[in-house]
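Chemist: As listed in TrEMBL for this protein:
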type     : residues      : note
BINDING  : 70, 107, 109  : Mg(2+) 1 binding site
BINDING  : 107, 110, 260 : Mg(2+) 2 binding site
COMPBIAS : 80-90         : compositional bias 'Gly residues'
REGION   : 75-105        : region 'Disordered'
Ligand code: FBP
Ligand code: AFP
């Protein structure tokens, strides 16, 4: 489910249609590929495969002007001018803004280090109405696929947040045989938070964050799986807070603003929650480059506000 924008709908159709193929390809791709991404991290064979499949599927969507990936140095030009109008990228030059296309930013396999231990991971998608780097306020939609026991897809746009189950039709083998079934068309954060999950090593946490974490440990239950999409899905389901904080050794944290933090912040804000880098809403953070990192604190508003006060 999304609102009325046909380009956004086609983008999430394309993401859903790749999901069963990505999932089916993972058993043979649990090893490192031997290459590093622009952030200097080792890339798994599964990351590369998912990136290629998503690049092919998304650059073929009418209205996608560029494809940008955590695993690629630069954007792939998909043929439309990315700008402020949004629309069909038809290039008819009629001056009404509908020549403008979207930039789609992807983390092809978020949490892919979980491949070795066979735990949850997913694909994160941001649909920007501006060339990257852009702020999260330029997002018109965002979502993620979660490869758990069930393949689900969260989709958020201005109309709200939904959860879908993605399945290949029995006997089907091509992209056209994939179904999207909405199981929740109004996903909102529960008012009474239950869970938390914080990344990084405790000795590497700044003292102010450690003090906040000690309070939260007394109030909520730890649920941490090592893949942001899985851990954020726990927060969306039960309420709570997820953080990959600023570290003493890495003040900008680990997660990438364009590919991870902005799409997740957009989703959680639309679900009634909040997301911060410690003092500023994530969606307002001005990027310097496409591969910028940012600390991410995301969940129920009251917990994020307390975190900001603790870090002040
Ligand atoms: P990748 O996109 O390279 O998988 O990195 C992101 C991530 O896996 C997040 O999903 C997760 O929250 C975090 O890194 C886990 O990091 P760590 O292994 O340091 O706990
Ligand atoms: P189930 O067998 O009822 O699923 O419980 C086992 C388990 O889910 C286990 O896999 C987890 O480590 C643990 O429970 C989580 O427990 P909390 O719900 O208390 O976090």
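Placed from the backbone N, Cα and C atoms, the Cβ positions cover glycine too.
Quick one: how deep are these features, and who are their neighbours?
Modeler: Taking Cβ-Cβ distances under 8 Å and a sequence gap of 6 or more within the same chain, the neighbours of residue 70 (Mg(2+) 1 binding site) are 37, 38, 39, 106, 107, 108, 256, 259, 260, 291.
Residue 110 (Mg(2+) 2 binding site) counts 30 other C-beta atoms within 10 Å of its own C-beta, drawing on all protein chains shown. Mapped onto three states, the DSSP output places residue 110 (Mg(2+) 2 binding site) in strand.
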Chemist: Output, ordered by sequence, the same-chain residues six or more apart from residue 109 (Mg(2+) 1 binding site) with a CB under 8 Å from its CB, or 'none'.
Modeler: 22, 44, 46, 47, 50, 51, 115, 121, 122, 123
Chemist: For a quick check of packing: other C-beta atoms within 10 Å of the C-beta of residue 107 (Mg(2+) 1 binding site), how many?
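Modeler: Around residue 107 (Mg(2+) 1 binding site), other Cβ atoms within 10 Å: 30.
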Chemist: Can you name every residue in this chain, apart from 107, 110, 260, with its Cβ inside 8 Å of the center of the Cβ atoms of the recorded Mg(2+) 2 site?
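Modeler: Close Cβ neighbours, site residues excluded: 70, 111, 122, 123, 124, 144, 228, 229, 255, 256, 259, 263.
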Chemist: Run through the Cβ atoms and count how many others sit within 10 Å of the one on residue 260 (Mg(2+) 2 binding site).
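Modeler: Its Cβ shell of radius 10 Å holds 26 other Cβ atoms.
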